[in-house]
Amino acid sequence: MKITGKSLGRHILAEMYNCNREILNDVEKIKEIMVRAAIEAGAEVVEVVFHKFSPYGVSGVVVISESHLAIHTWPEYGFAAADLFTCGDHVNPWKAFEYLNNYLQAEQFITFEAKRGILPIEAGNFTYKPESVKEEEKETVG
């Protein structure tokens, strides 16, 4: 059965080749670039977790109110893989990709975009967060 309708989110998978190897192995620089990519996309950063592997490589995730941005680097190959998933209409995952790709100095890249949560709902009646969820958040926040 094929479901058509508006999606809850957009998910970009990006593979970046011939990147700056020093940057790919610098956990603080990767963290800074990823957080800035989230902000450039219009996202609200909630949590940041990054890990430096030995002898090289970095993995990390920026949790945003609208989903997440994640990265895994292989400095020994000059390669990085990123997972940029955003929900709603006001965050643009392509802006995050452009920022990330530029600062990693990738010479080549491959991207794929998937629509996530395609719901059989009329576009005019669709909201990213229904009012009932927003009310629950108000009650739990404070």
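Cβ coordinates come from backbone N, Cα and C, glycine included.
Keep in mind the model is a prediction, meaning the values are calculated, not measured.
What TrEMBL records for S67 is active site, schiff-base intermediate with substrate. The feature pyruvic acid (Ser) is assigned by TrEMBL to S67. Taken from TrEMBL, the feature active site, proton acceptor covers H72. What TrEMBL records for C87 is active site, proton donor.
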Cβ neighbour count (within 10 Å, all chains shown) around S67 (active site, schiff-base intermediate with substrate): 21
Protein Cβ atoms within 10 Å of H72 (active site, proton acceptor), excluding its own: 17
Per DSSP, three-state class assigned to the residue listed as 'active site, schiff-base intermediate with substrate': strand
C87 (active site, proton donor) and S67 (active site, schiff-base intermediate with substrate), Cα-Cα, nearest whole angstrom: 6
Where H72 (active site, proton acceptor) sits in the secondary structure, as DSSP reduces it to three classes: strand
Inter-residue C-alpha distance, the residue listed as 'active site, proton acceptor' and C87 (active site, proton donor) (nearest angstrom): 21
Cβ-Cβ neighbours of the residue listed as 'active site, proton donor' (radius 10 Å): 22
